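Over in TrEMBL, the protein carries these features:
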type	residues	note
COMPBIAS	123-136	compositional bias 'Basic and acidic residues'
DOMAIN	33-124	domain 'Chorismate mutase'
REGION	1-28	region 'Disordered'
REGION	123-143	region 'Disordered'
Amino acid sequence: MTEQHRPDADSAALEGEGGYDPTASSLQGSVDPAVMEELLSIRSSIDNFDATLVYLLAERFKVTQRVGWLKAKHQLPPADPAREAAQIARLRRLAEEAHLDPAFAEKFLNFIISEVIRHHQAISEDHQARQGEPREAPGANQA
Ligand SMILES: C=C(O[C@@H]1C=C(C(=O)O)C=C[C@H]1O)C(=O)O
């Protein structure tokens, strides 16, 4: 039995990941245990990649929020189609080099960008609404 598939290691993972069961499978019980073990071993790498993707996306959104605030402050439009076209052309090239389907890379980037633009629109609306609010007197929040 490999290190990461000892039952105690699995239960430790369950505690550490809010009840996530890395062994959950509709195939449990209907597949040769050795095959199941190999499948779980490969899936543990998939789990690491997925976690990394979530952290990478979270960091990307933190940065794009900053762009959103900057655009709202200076009344710039939420979307920048020329920038997007350049990014998509670049990512398609990178995808080809990496043997990833460039059409998938484009769809994925467009999906993320459209969410970013939605955030930027919300930031801009929020910023505009705040512009109409009366200014707080200096020191108003002090005890
Ligand atoms: C983040 C920006 O805003 C939008 C989102 C983009 C992105 O997620 O990469 C790119 C261009 C813009 O349409 C930006 O202008 O840089």
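Every residue gets a Cβ built from N, Cα and C, even glycine.
Small disclaimer: the values here were computed from a predicted structure and weren't measured.
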Do any residues, 6 or more residues outside the compositional bias 'Basic and acidic residues' (123-136), come within under 8 Å Cβ-to-Cβ of it, and if so which ones?
65, 68-69, 71-73, 78
Per DSSP, how many helix, strand and coil residues does the compositional bias 'Basic and acidic residues' (123-136) have?
9 helix, 0 strand, 5 coil
When the pLDDT values for the domain 'Chorismate mutase' (33-124) are averaged, what is the result?
98
